[in-house]
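Student: Mind having a look at this structure? Questions to follow.
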Amino acid sequence: MSHAKHREKKQRLPFKENKKAQVLLLSALLPMLIMLVVWFFMGVFPFGRNTLMAVDFGQQYIGLYGFLKHTVLTGDWSGLFYSFSKSIGGAMIGVWGFNLISPFNLLYILLPLTQFKWAVFLTIWLRYGAMGLSFAYLLIKRYKAMDYNLWLPPLMATAYALSGMIVSYQMNPIFYDAMIMLPLLIICLEEVIDGGKPFKYIFLLALTMLLHFYMGYMICLFIALYTCYYAAPRLAEKGDWKVKLEAFFVPVWRVVYASVLGIAAVFFLLYPIFLNLLRSKGAYESPMTFSFALQINPLDILSKLMIGGFDNESSWAAGPNLPNIYVGALALVGFFLYFAQAKAHKFRKIAAAVISFIFFISIVNEFTSKIWHMGQNPAGFFYRFSWIVSFFMVLLAYQAIREEKYLGWKGLVAGVVISLASAYYVISHSYTYIAKSQPKAVTGFVSHHSVLTVLLIVAVFGSLAVLSWRRLSRYKEARLCALAASLLAMVASFYLLSKGFLLSQVSLTLISWLLILVYFALRPKSKLVWCALALITALELGYNAYLSQVTMSYADAYKFTDVTKNMKELADVIKKKNKAGFYRVGSSFLYAKNDPFLVSYPGLSSFSSNMEKSTINLFNSMGDVGGNAATFYANGTALTDALYGVRYYIDRKEYTATDMEQHPNWQFFDRNSTRTDLSAYYKPIYENKRFTIYENPNVFSAAFGTNTLTRNIKFGLNNPVSNQNIILSSMSGVEKKYFEYVGIPKIELLNMQEVNENGQRIFKRIDKKQPGTVRIIFTPQTDYTYYFQAPYSLRKSMGNISIMLNNQWYHYTQSYDQVQLWNLTDRTPGKEMVLQLQTSQDDQLDLTNMALVRADQKSIKKVLNDRLKQNLTVTKWTNTLVKGHVAITDKSNVMMTSIPYNPGWTVKVDGKKVETSEAWESLLSFPITSGKHDIEMSFLPQGLLTGIVVSVLSLALIAFLKWYDDRTGNDELF
């Protein structure tokens, strides 16, 4: 029988006889089963009310998945390039490349919005299985896993799929596709280095970069390291150094050529993304300055090798924190044994040690860490490459464990000493994610079931004693020592268990390390032992996942369904009622900053790592909320309403505690904004039991005519009053204080003392045991609108203070990057107002630059009405096209838009292309003349055409090489 026929027959084996299929299936199912158990105890949907949406998943990604669904099902492909749901508008190609290109996201397209809770669960759960399957396939394909112990591939695959960063950063499932692709890429990479055809590698690298360019970039860095590691034995070729270097660099250059072709194949996506990043992430200053200084204490990394080394308090938001490289005891010990026990070439082991050292330096040194993160420090979720460290550790571990070599007594002693020292270091230091004692429920169980506890302890250590007795049959003294050690362990275990220490995180980790070390020393062949190893691995990986995820705050599945239903209804009502063309929608509340994406309406709030920095700066300059890659329209004024075209505004109605009790599945929104002036400009056009929609017809559309002076304004920092005044003055041609500072007539202090320190206005608590209160009291003398200028320095006290206005909770947004304008009252002359700031946590409040501001709304309205005469009438608009006409009847020579400036915008006036410019360092503008004009603004991502040309050339070259290879079988081209 030929080899081909034999292979065909082998592939046709029924599943019960196909060991390979069984191993692969188990490798996929084991991590999935463990996570099901974890989520069951966490009360995650479908076992409970919690979704898996936490942090960025709930605030950012879920809204984008709604946008994906809308784009695909409506066929509005303009959303591929641009969207007015991204704050006041923004390029989308970076969002697609970072968040949305994944086959798993098909579930969001297929399921209705109200059932997104199922898509959330399934897309994460299935990815765990895919990661395990992918890693096991690597072990089988390249490391002959079927010729060794078949228990190992599923265990190692699970150690990878449930490694530290993967389970800890679960709120970022966008990373997971790269984690599935890496093992497959390594298969093809090794084949290329061994002289195989590069086409599979080219395809998989291109696919990886397509699915997630950011993680793909990190994989490319690792590929460079791994290529050197895998090719290292070639340096041992016989001959002089010229021969050795040629043997090493020939396959390396083949990898380089193939990698360039793979990356170039998706250049149509990567190049526009790169240019877009320069306007978003790249706009933030993050200098690459080398320093030998350590950004963390290297020994603190030991805490991340403990079970449950992650929490919501200190592990992801602020940095630099610590890398999540947990892989479980079996893989961790196996990683170190690789250098002693694996049947690998000496040069390959040296290369592995070098790569491990590079990883270590990348963790402790800021400069090298930035290299992994495209030259920047991440905004939260530090060490995003740590999953690659885990991958490398598990892969090396497998090569050592499969050899079934015994660990000598010297190695055992060294391992025990290192384990004890590591545990001692961690337990002697304080980490928010490491509890000093075991769960109280365990201690309580032991005290009430002491007999059962003793029996369990005897069973565990008795089994170990029996194994040791058999293994050490030739050594009587060793037998007695092992027996004595078992008895001592029984007593110590019960004592520590009853005192609440034995099953603490550190103790459990230490126990698992010691058990694994004992296994390597004894190497018993029993299936029962392997069952025990599997159980230990599953329990520690599962418990680590549980502790890493249970502290996070998750969105309620049924309340999210209510959100999607109601927000969709409100968005549809606005679309139906709108007759004015271009518009935007504001709101006094939000579920997440990406609500506009979720149900596809042109809002003003957004959260995206690809958010344009210029848009954030614009919001800040107006005294509104912009920062941390997000905007929210919380502090609108009559001017900003008009500038941004906020024609519609959604407000939620008041609710009571009784309402919340009667409707547990409803989402009762908190207000994040106060607009006492709303009724002065907006009129209700729709309401239901829970919400009201208002309309303001006197706002600009996408553009309006003005003058050069207005276009050339440069905003000041932390000065929204001056910034809005200069806009109005420039528009009207009359310099006037439309927004005016007024003195604070009275400040009342309770348990507070005002202190001026270096020009700063500080209010310090006198008695630290009692709350301190600052009351700002004033009585409006006019029918103007009054604002409180909240200083930026107050932000550091956000979350630690309570703010009330006339004994009612004041609604505001806590996160901001510049001075804010908080609306206090409108048209209430003679009514006393009391703004109260109280804290019982902070010792002082920094109110430097606080002020009262009043706005002359009649004068503002007059300026805006004059500009409305030069307003663009929009006749057609999509995400990438705005058409309309305008009649310029005054001396306006500039059309100002509320569209963020981007070189991808092309403007035509009366069919002729005109030059665009950036106004206010943020918005698109272009020249105009008096008279009637037809306007067309269209968008095409900058660099898209260049990228397409490069991709086409690359694909053509790849096709030619494949054709040539198939025809001639000649490898000279590679």
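Just so it is clear, glycine is given a Cβ too, placed from its N, Cα and C backbone atoms.
Features from TrEMBL:
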| type | residues | note |
| --- | --- | --- |
| TRANSMEM | 21-42 | transmembrane segment |
| TRANSMEM | 91-110 | transmembrane segment |
| TRANSMEM | 116-138 | transmembrane segment |
| TRANSMEM | 201-232 | transmembrane segment |
| TRANSMEM | 252-278 | transmembrane segment |
| TRANSMEM | 322-339 | transmembrane segment |
| TRANSMEM | 351-369 | transmembrane segment |
| TRANSMEM | 381-400 | transmembrane segment |
| TRANSMEM | 447-468 | transmembrane segment |
| TRANSMEM | 503-521 | transmembrane segment |
| TRANSMEM | 528-546 | transmembrane segment |
| TRANSMEM | 939-961 | transmembrane segment |
Student: Any contact between the transmembrane segment (351-369) and the transmembrane segment (939-961), i.e. 3 or more CB pairs below 8 Å with pairs at least 6 residues apart?
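Tutor: With fewer than 3 qualifying Cβ pairs, these stretches do not touch.
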Student: Which range out of 21-42, 201-232, 252-278, 939-961 gives the transmembrane segment (91-110) the most CB pairs under 8 Å?
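Tutor: Looking at each of 21-42, 201-232, 252-278, 939-961 in turn, the most contacts to the transmembrane segment (91-110) are made by 252-278.
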Student: If you count every Cβ pair below 8 Å, which range out of 116-138, 252-278, 447-468, 528-546, 939-961 shares the most with the transmembrane segment (381-400)?
Tutor: 116-138
Student: If contact means at least 3 Cβ pairs within less than 8 Å, sequence distance 6 or more, would you call the transmembrane segment (939-961) and the transmembrane segment (21-42) in contact?
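Tutor: They do not touch: fewer than three Cβ pairs between the two stretches lie under 8 Å.
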Student: Quick one: do the transmembrane segment (201-232) and the transmembrane segment (252-278) have at least 3 Cβ pairs under 8 Å, skipping pairs fewer than 6 apart in sequence?
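Tutor: Yes, the transmembrane segment (201-232) and the transmembrane segment (252-278) are in contact.
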Student: Compare 21-42, 116-138, 252-278, 503-521 by their Cβ pairs under 8 Å to the transmembrane segment (528-546) and return the stretch that comes out on top.
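Tutor: Comparing 21-42, 116-138, 252-278, 503-521: 21-42 has the most Cβ pairs near the transmembrane segment (528-546).
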Student: Could you pull out which residues elsewhere in the chain have a CB under 8 Å from any CB of the transmembrane segment (252-278), counting only those six or more residues past its ends?
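Tutor: Cβ under 8 Å, 6 or more out: 91, 93-94, 96-98, 189, 192-193, 198, 201-206, 209-210, 213, 220, 223, 227-228, 231, 374, 610, 941-944, 946-948, 950-951, 953-955, 957-958, 974.
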